[in-house]
């Protein structure tokens, strides 16, 4: 079905798509090797601070199994 | 369908160029326009810069897409797991269920931790929102929303309010009161209004702004106090299912993922889509930033989780296994970013080694789909919400 507004709307859509692609193409990129190396460094630097990774002794763990009370 | 053109033959002066010629009587939006056929053509091409046409723009978009692929491919000189070969293999993880939070009468769809590292808000299918104290298992507050399927809930950074939304197409903020007798529903503030369900919400750095994602394909930034729309983000071509804010040091961006299999990075101030990633084979259910803010991961119905680096502008790792065939609906990183916890529709949580790309552990316990996993703010525990009506705390 052709009407006057149809060429304009598909035109607008395609123009928007091209504009977006031009923007994305101009993004500055670095090599994966460099990015991966930085991700690895971040991981290793913070590993000792990560309780789920290193495990936490029961006495420090706020979620340790609740101790049962002993009635004297 | 609604704009119909009726072409009738008349002769007279054209309203545009004043020349006498056969006119095309056209009605645009109920307004009669009598132009000669030449002027009609000119009007139709208005908006095109010199030399452009729909066809040439389409060609340009194809070449740009190919160029993007090439540029991204050029930088892919090595895989993440190759870079991580020298890293020590993870030891056995001693993560077990420490608490089971029972109280919801229906599927738990979403949960969030409070910054005080012990309170949790969770929402379920029957419209109930409960605030728990995870250490003591106390239910501190209970809210009843008039809608079902509360798919999004978030704790405010101050710990004094919660936001929730779902099938009611709105996201509402409830200030939490210490007074047990006060009806929390009375203080409810409807902040976000979408034209379809609200799939995700999060507060920005303060209690004053709320970011929401919706099934109507948009994300939006709202001012909580006035309910005003500050910025809207258009670009997804299908439902937006998840969003995550960049960790504070790195600025005003957020990532969103949706049913169009794309994940987009947005600038909150301009509303601009700055980067887009498309490599999943099915709907993206959840997206989460890496703790450093330079990368993010996404979980999808195609049973994989993928890791994307923002500076390299491409996917750098895929977490998949032949034995994992059910879709992943949620994921979160541990504090250091070494572990990736992903909840699947086969009732398990797989723990992936982010650097090496291998599975480090599986957490069993839930009796239905895992709908949400979140690591606590200090990294000591993982909370998972499930369709089996419970939440579990793992540590």
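Cβ coordinates are placed from backbone N, Cα and C, and glycine is handled just like the others.
Note: TrEMBL annotation is automatic and uncurated.
Quick caveat, the model's predicted, so the values are computed rather than measured.
Segment annotation: TrEMBL labels coiled coil over residues B:54-81 (candidates B:54-81, B:82-109). By the Cβ criterion (distance under 8 Å, sequence gap of 6 or more), the repeat 'WD' (B:363-395) is not counted as touching the repeat 'WD' (B:191-232), fewer than 3 such pairs being found. Sequence-distant neighbours of the repeat 'WD' (B:101-133) (same chain, 6+ residues past either end, Cβ-Cβ under 8 Å): 139-155, 157-159, 162, 164, 166, 174, 176, 368, 371-372, 374, 376-378, 380, 383, 385-393. Remote same-chain partners of the coiled coil (B:54-81), defined as residues 6 or more beyond its termini with a Cβ less than 8 Å from a stretch Cβ, comprise 307, 312-314, 316-317, 355-357. Taking Cβ pairs closer than 8 Å, the repeat 'WD' (B:233-276) reaches residues 196, 199-200, 202, 204-205, 211-221, 282-289, 291-294, 296, 298, 300, 308, 310, 313 in its own chain, all 6 or more past its ends.
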